[in-house]
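Colleague: Below: one structure in structure tokens.
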Amino acid sequence: MTITIEQPQLDAVAERKAPAGGDPAELVLDGGFVVPDANAFGNTFRDYNAESERKKTVEEFYRVNHIRQTHEFVSRMRAEYGRLDRTEMGIWDCIELLNEFIDDSDPDLDMPQIEHLLQTAEAIRKDYPDQDWLHLTGLIHDLGKVLLHPSFGELPQWAVVGDTFPVGCAFDECNVHFKYFKENPDYHNPKFNTKFGVYSEGCGLDNVLMSWGHDDYMYLVAKENKTTLPSAGLFIIRYHSFYPLHKHGAYTHLMNEEDKENLKWLHVFNKYDLYSKSNVRIDVEKVKPYYMSLIDKYFPAKLRW
């Protein structure tokens, strides 16, 4: 099945502006999606230095994450979880498993994950009504966080969530809390601590090992279960936490031409992933039938996980 997707109108979507005649503290994205100027704690989004009740939790998370995410660790996790032999279940069953989890790496929200999934998907749906694959991508992009669940090994949060980054080459200084990488064994390994490391210029991100977590796991699940989402959807799933790339422009020397095209859609998606986080609740039962129809369109009824 081939899905044709139009290129996003990036200039319109990227602009954040006050709505005409509206509250200057609110910002809008393309299509009229109103964006709060502060997160659920009253701080700027992704401000890791802002004093809040979650600051210490978030920094400790990144300290452990940056020390333990090595090339060897990622290779081992990919081999283990890439077998997809944990269980079989449908997409919505997986969504319901996330109800009890809160992401310790997120400075902007402390609500169960299902709330964030629906907020993201509904915001995208409003502005891009004809791109149903993007609506579904918004809904499922974080489903890999089931790695936190006991039936999936109950991995620690540092091995499931947080910003992602390549392993096998030098850690870029734009990574949040970069200082903790200095305690990572790969930081001192000449095989891994150069600009290209074990990779080559333009090799393509598909050939690059990313720090292990929910992004890469859900990418593997979707790909191996033969989803019919377009490549841009899979790209968003795997790299939506790759902030060093899509926010700071780091690691572009590893990208190929397909990556560059798909990055345009990731830039669109990221604004909804980040700025739709709020304490506004979504009526799950009201929107569920629509998303079930998309799940049926793009995925089998049961997936191997």
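For all residues, glycine too, the Cβ spot is worked out from N, Cα and C.
Copying in the features that TrEMBL gives for the protein in this structure:
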- Arg46, Asp103, Asp104, Ser105, Lys145, Gly162, Asp163, His240, Ser241: substrate binding site (BINDING)
- His116, His141, Asp142, His214, His240, Asp273: Fe cation binding site (BINDING)
Colleague: So among Lys145, Asp163, Ser241, all listed as binding-site residues, which is physically nearest to His214 (Fe cation binding site)? Use the C-alpha atoms.
Modeller: Lys145
Colleague: Whole-number answer please: how many Å between the C-alpha atoms of Asp142 (Fe cation binding site) and Ser241 (substrate binding site)?
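Modeller: For Asp142 (Fe cation binding site) versus Ser241 (substrate binding site), the Cα atoms are 10 Å apart.
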Colleague: Out of the binding-site residues Lys145, Asp163, Ser241, give me the one sitting nearest to Asp273 (Fe cation binding site) by CA distance.
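Modeller: So, spelling it out, the nearest of the binding-site residues is Ser241.
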Colleague: Can you tell which of the binding-site residues His116, His141, His240 lies nearest to Asp163 (substrate binding site) in space, using Cα positions?
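Modeller: Comparing Cα positions, the closest of these binding-site residues turns out to be His240.
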Colleague: Compute the C-alpha separation of His141 (Fe cation binding site) from Ser241 (substrate binding site), stating it in Å without decimals.
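Modeller: Cα to Cα, His141 (Fe cation binding site) and Ser241 (substrate binding site) are separated by 10 Å.
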Colleague: Quick one: Cα separation, His116 (Fe cation binding site) versus Lys145 (substrate binding site), in Å?
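Modeller: Cα-Cα distance, His116 (Fe cation binding site) to Lys145 (substrate binding site): 12 Å.
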Colleague: Write out, in the order they occur in the sequence, the residues of the chain not among His116, His141, Asp142, His214, His240, Asp273 that have a C-beta within 8 Å of the mean position of the C-beta atoms of the recorded Fe cation site.
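Modeller: Neighbours found: Leu117, Thr120, Lys145, Asp215, Ser241.
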Colleague: If you skip the near sequence neighbours and keep only those at least six away, which residues in the chain come within under 8 angstroms of Ser241 (substrate binding site), Cβ to Cβ?
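Modeller: Those within reach of Ser241 (substrate binding site), by Cβ under 8 Å and sequence separation of 6 or more, are Val161, Gly162, Asp163, Thr164, Gly213, His214, Asp215.
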